[in-house]
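What Swiss-Prot records for this protein:
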{"type": "BINDING", "residues": "Leu15, Ser16, Gly17, Gly18, Leu19, Asp20, Ser21, Ser22, Thr23, Cys24, Leu25", "note": "ATP binding site"}
{"type": "BINDING", "residues": "Cys199, Cys208, Cys211, Cys214", "note": "Zn(2+) binding site"}
Amino acid sequence: MAKATSEARRAVVLLSGGLDSSTCLAVARAEGLEAHCLSVDYGQRHKGELARARRIARALGAAGHRVVKVDLSAFGGSALTDAAIAVPKGRSEARMARDIPVTYVPARNTVMLSLALAHAEVIGAEQIFVGVNAIDYSGYPDCRPAFLHAFERLAKVATRAGVEGHPLRIRAPLLRLSKAGIVRLGTKLGVPYRMTLSCYDPIRGRACGRCDACSLRRKGFAEAGVQDPTQYAK
């Protein structure tokens, strides 16, 4: 893993504590960037990922890590923020991609990128890393390339850096990768996947093994030919 120096360029990395965002952090560090991680406590039912994010930030040599609270559960509308909405279990990948799932959190990535943008402006970061990928954007509107390009254009006109001719870049290095491709990349970069938690509905702190996130994670490790270090409840 490359070490950041006092002259290193800064980046903000949105870090959930899951497989994808942790790999994103490793990419930023491998590029020699001074990585400042930002995690968001948005009222998610899987809050255990925040503790994982803290450990991962330390393990991968992040220059800093902040957790910001924005209670999206006040609005509900998602299985991840409303206990009355069941998290889907045992679905095929084709079924996952058929429509926008109930695990979509309204405006979540818009809110998170806005917070990352504010943090980046304050610390003088040039880039924001987000772990969206090919698996996500088939079902989630705020994980698609069009959304990322639109947000980057917004940042150009809505920030001091942008209007002064130094616009921030939105980086999504996993965008064209499958889950297996992400696992291979992260393994090469030394991501401690045993620390990560991708589950939408953990059971006593352990991944449930049956939600969409767990299913895709399992498939990714299997297709990558890498042993999955996750201890699943089922």
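Just so it is clear, glycine is given a Cβ too, placed from its N, Cα and C backbone atoms.
DSSP gives Cys208 (Zn(2+) binding site) a coil state; it is part of no helix or strand.
Here the candidates are the binding-site residues Leu15, Leu19, Ser21, Leu25. The one whose C-alpha lies nearest to that of Cys211 (Zn(2+) binding site) is Leu19. A separation of roughly 16 Å, to the nearest angstrom, links the Cα atoms of Thr23 (ATP binding site) and Cys199 (Zn(2+) binding site). Cβ neighbour density within 10 Å is lowest for Cys208 among the binding-site residues Leu15, Leu25, Cys208, Cys211, Cys214. For the pair Ser21 (ATP binding site) and Cys199 (Zn(2+) binding site), the Cα-Cα distance reads 13 Å. Between the CA atoms of Leu25 (ATP binding site) and Cys199 (Zn(2+) binding site) there is a gap of 19 Å, rounded to the nearest whole number.
It is Thr23 that, of the binding-site residues Ser21, Thr23, has its Cβ surrounded by the most other Cβ atoms within 10 Å. Same-chain neighbours of the ATP site beyond Leu15, Ser16, Gly17, Gly18, Leu19, Asp20, Ser21, Ser22, Thr23, Cys24, Leu25, judged by a C-beta within 8 angstroms of the site's C-beta center, are, in sequence order, Ala53, Ile56, Gly131, Thr196.
When other Cβ atoms within 10 Å of the Cβ of Gly17 (ATP binding site) are tallied across all protein chains shown, the result is 24. DSSP assigns Gly17 (ATP binding site) to coil in the three-state reduction, outside any helix or strand.
For the recorded site, Cys214 (Zn(2+) binding site), the DSSP three-state label reads helix. Rounded to a whole value, the Cα-Cα separation of Cys199 (Zn(2+) binding site) and Leu19 (ATP binding site) is 10 Å. DSSP assigns Cys199 (Zn(2+) binding site) to coil, not to a helix or a strand. Across the structure, Gly17 (ATP binding site) and Cys214 (Zn(2+) binding site) are spaced 14 Å apart at their Cα atoms.
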